[in-house]
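Per TrEMBL, these features apply:
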type	residues	note
TRANSMEM	15-36	transmembrane segment
TRANSMEM	48-69	transmembrane segment
TRANSMEM	102-126	transmembrane segment
TRANSMEM	146-166	transmembrane segment
TRANSMEM	193-217	transmembrane segment
TRANSMEM	309-328	transmembrane segment
TRANSMEM	370-400	transmembrane segment
TRANSMEM	412-432	transmembrane segment
TRANSMEM	490-514	transmembrane segment
Amino acid sequence: MAAAAPGGAASAELVIGWCIFGLLLLAILAFCWIYVRKYQSQRESEVVSTITAIFSLAIALITSALLPVDIFLVSYMKNQNGTFKDWANANVSRQIEDTVLYGYYTLYSVILFCVFFWIPFVYFYYEEKDDDDTSKCTQIKTAFKYTLGFAVICALLLLVGAFVPLNVPNNKNSTEWEKVKFLFEELGSSHGLAALSFSISSLTLIGMLAAITYTAYGMSALPLNLIKGTRSAAYERLENTEDIEEVEQHIQTIKSKSKDGRPLTARDKRALKQFEERLRTLRKRERHLEYIENSWWTKFCGALRPLKIIWGIFFILVALLFIISLFLSNLDKALHSAGIDSGFIIFGANLSNPLNMLLPVLQTVFPLDYILITIIIMYFIFTSMAGIRNIGIWFFWVRLYKIRRGRTRPQALLFLCMILLLIVLHTSYMIYSLAPQYVMYGSQNYLIESNITYDDHKNNSAFPVPKRCDADAPEDQCTVTRTYLFLHKFWFFSAAYYFGNWAFLVVFLIGLIVSCCKGKKSVIEGVDEDDSDISDDEPSVYSV
């Protein structure tokens, strides 16, 4: 990036931008380490899975941070009056574009590697480790065998994206060799962009489903949980004590039937077994509630209760800004786009939404617009985490894992990171849906000729005036972000994303209604009969 400002003449804004990005990277690494250590089970922690989870989560957050950097760089090359800055000649602009593009290449390639090879390998390796009789060599072989299936899927996606060009040969009489040669020329001319874009778009489609499931619900559940808080540990302990006494009475009643030597019926035996299981669970809850009631962390969280309510109100306002903007943007596409054949793509905005109106205002004060975009992206990630934590990890109707503080199994953390990687891929399109013109061009302006009539001289004079970059701007006057190139390489993916946005809105409304109707969460939510992540010797605090 030194070429971007030769002679050491980089302005304060560019230095500030890179400093913010550097600090953001450090903050991301620190957050990933804290988050993984906070949720992983201390009893089942494993070095390889921990490092994999931290690395994958960091890649997800760094990839999401690249969008505001991309927008900042294309915007920084031009002055507000629509002219290019002195140092921003064609070569330097190309270098900046290539740097960002290679950044996307690198991060997206790492995501493909994590999703299709590294995370599955570590997951299956750890699954085999549960068998004590299995040797290390056998574990590696078995994990590698299962991982090959994911690698084959990745190779197929790359081949489909590479050898299905968007342009076709004009000559219908071309020989088979000429057609194959044309395919390789297309692949070479795009430098693998189509192959990588198709693979990433396929994963983004899965990420869209994950966002509909987890993020949409998390956007409503997280703020309302912060506002409502959790139930009192003392009150829950009192209720639990009453339940223990009631269950013990039932057990005594059943056992009294066999005091005279008569055997219990099959029905009584089943009932006795159920009551004994219930009693063990209640006593486990009693130990956890006693620990939490006397914990200093509980008292500290109680002191922060007003702050949590403020954060909850702030988050619900951000969610409403997001949802209203997304609804108006999708409505704009439905009314003014060229239809499904074009992927419902529109350039600019015919219907104004709150985010589209707010960003131009914030652009006048650097770097408020980038801060807002970063906040929205981070909010998208955090609500996704909240949604996964509240819902858990499911395979259709089968619940695989729960995400619990200090009790999450390594396999569950790997699933969590893979889901977040997929959701992050969908984040860029969600932001584009909210502010398409801003994501494409940032704050760039270009010059147009405006005719001014002077009454005294009765003649016209052409005068250049700045105008916000849009689809009608000359290609040499406005630089498109590299993000946009990945978003709309294939129209059918764009069409799927459009319908996915409507599903996102519906799930958010359903989640909002469900979250409003639900009562306060238990302070030890998750301690039940089928909770495999809870052990008797690991008390912990489960508050939000």
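From the backbone N, Cα and C atoms, a Cβ is placed for every residue, glycine too.
Remember, TrEMBL labels are computer predictions, not curated facts.
When each of the listed stretches 48-69, 193-217, 309-328, 370-400, 490-514 is scored by C-beta pairs under 8 angstroms to the transmembrane segment (412-432), 48-69 comes out highest. Below 8 angstroms of C-beta separation, residues 105, 108-109, 111-112, 115, 154, 157-162, 164-166, 186-187, 380, 383-384, 387-388, 390-391, 419, 421-427, 429-430, 485-486, 489-490, 493, 496-497, 500, 503-505, 507-508, 511, 514 of the same chain, each at least six residues beyond the ends of the transmembrane segment (193-217), sit close to that stretch.
Non-local neighbours of the transmembrane segment (490-514) in the same chain are 166, 197-198, 201-202, 204-205, 208-209, 211-213, 215-221, 224, 319, 323, 326-327, 329-330, 333, 340-345, 426, 429-430, 433; each lies 6+ residues outside the stretch with a CB under 8 Å from one of its CB atoms.
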